[in-house]
Amino acid sequence: MTARILRAAAGAVILAGLVLPVALGLGHSLRAGFGHFPALGATGPDLGPWRQLLAMPGLGRAAALSVWTGMAATGLSLVLALGAVAALQGRLGPVRAVLAPLLAAPHAAVAIGLAFVLAPSGWLARGLAPLMGWARPPDIATVGDPWGLALILGLTVKELPFLTLILMGALTQIPLQRSLAAGRALGYGRLACWLWLIVPQLWPLIRLPVLVVLAFSLSVVDMALILGPSNPPTLAVMVARMLSDPDLRAILPASAGGLLQLALVAGAFG
């Protein structure tokens, strides 16, 4: 009985440690986002912060960039991870040992490494220069491109190991061999077996991790600062810049921007 009480108490403390900071931050953002911040002389509620936010140039494109890069990176990572586990089925043991350390790589470090490789004067261009006869870096926006392709690539590189490991764990919880045998008996090829028999069984097991990856991709700041477009940036970067503005009253539209970011993530989940 005592052990059960201790476990319950420990669980409550851990849950409170996770939930309370988020709840307090969300409450502060809600108040500031709707114009109530007495320390700055704002005693709302009012929609002034939202009017300021909506008047900012490039806001619509910033929000669209966030949705595009986040959903594209998540979808690409999931497709590649599914392809990897399907192609390496039965030989996944060594893959796990290789992928696990990659999860510890800092996001910013991955982004900086990719920038060194992909930049117009980066390692890839330097390697191709003698073959292509380039005397100077090519005039191509390979990093910070307006479509966010470099950011999508960076997010995919970072998320692919995580989703692959998640899928490897999920495969142990379904009757994989029986499903493949049933598919072959029905005349399905390998690809059709995975698409119509395996993936539907995997999705309920991996849905939450995929949503976590999607939330991260939609709201990432460090990788977007390094690899993403800058004029305008993604919405998360725009909000982060407002929060670091020397003018403290910028906290009000920044809080509204944070709520807009939350709405984008919630909409993507739906």
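Every residue, even glycine, has its Cβ placed from backbone N, Cα and C.
A quick note: this is a predicted structure, and the numbers were derived from the prediction, not measured.
The domain 'ABC transmembrane type-1' annotation in TrEMBL covers 63-270.
Taken from TrEMBL, the feature transmembrane segment applies to 65-88 (among others).
Residues or ranges marked as transmembrane segment in TrEMBL: 100-126 (among others).
If you look up TrEMBL, you'll see 146-168 (among others) marked as transmembrane segment.
Under the heading transmembrane segment, TrEMBL lists 205-227 (among others). Listed as Cβ neighbours of the transmembrane segment (205-227) (distance under 8 Å, sequence separation of 6 or more from its ends, same chain) are residues 66-67, 69-71, 73-74, 77-78, 107-108, 110-112, 114-115, 143-144, 150-151, 153-155, 158-159, 162-163, 166-167, 170, 173-174, 233-234, 236-237, 240, 261, 264-265, 268-269.
Look at TrEMBL and you will find 248-269 (among others) tagged as transmembrane segment.
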Intrachain residues whose Cβ lies under 8 Å of the transmembrane segment (65-88), provided they are six or more past its termini: 95, 147-148, 151-152, 155-156, 159-160, 163-164, 166-168, 171, 190, 194, 198-199, 210, 213-214, 217-220, 224, 228-229, 232-236, 261, 264, 268
